[in-house]
Amino acid sequence: MSSGGLLLLLGLLTLWAELTPISGQDRPKFCHLPVDSGICRAHIPRFYYNPASNQCQGFIYGGCGGNANNFETRDQCRHTCGGK
């Protein structure tokens, strides 16, 4: 296969991976952790994945502690955990 054909195949596979929805079984386990603002008192807008609604929702992060279900942007949340 030529290098052009390989690049095309790689591009198509990448596009497919980006567009394929994440199923519940494929989500990282931390996506199912409850929202946790942490123990500090900062006021940082963040997003978490809510498995009950299958949505990435906003919350206020305190700045320390919490858990891994904590994303700087809605797009990061959607890319990692899926959802709307």
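Glycine residues also receive a Cβ, built from the backbone N, Cα and C atoms like all the rest.
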- Query: Which candidate, CYS31, CYS40, does Swiss-Prot give as the disulfide partner of CYS81?
  - Reply: CYS31
- Among CYS40, CYS77, find the residue that Swiss-Prot gives as the disulfide bond partner of CYS56. CYS77
- Of the disulfide-bonded residues listed here (CYS40, CYS56, CYS64), which is spatially closest to CYS81 (disulfide bond) when Cα positions are compared? CYS56
- Task: Take the Cβ of CYS64 (disulfide bond) and count every other Cβ within 10 Å, whichever protein chain it belongs to.
- Result: 10
- Taking DSSP states H, G and I as helix and E and B as strand, how many residues of the domain 'BPTI/Kunitz inhibitor' (31-81) are helix, strand and coil? 10 helix, 15 strand, 26 coil
- Rounded to the nearest Å - Cα separation of CYS64 (disulfide bond) and CYS56 (disulfide bond): 20
- In whole Å, note down how far the CA of CYS31 (disulfide bond) lies from the CA of CYS40 (disulfide bond). 22
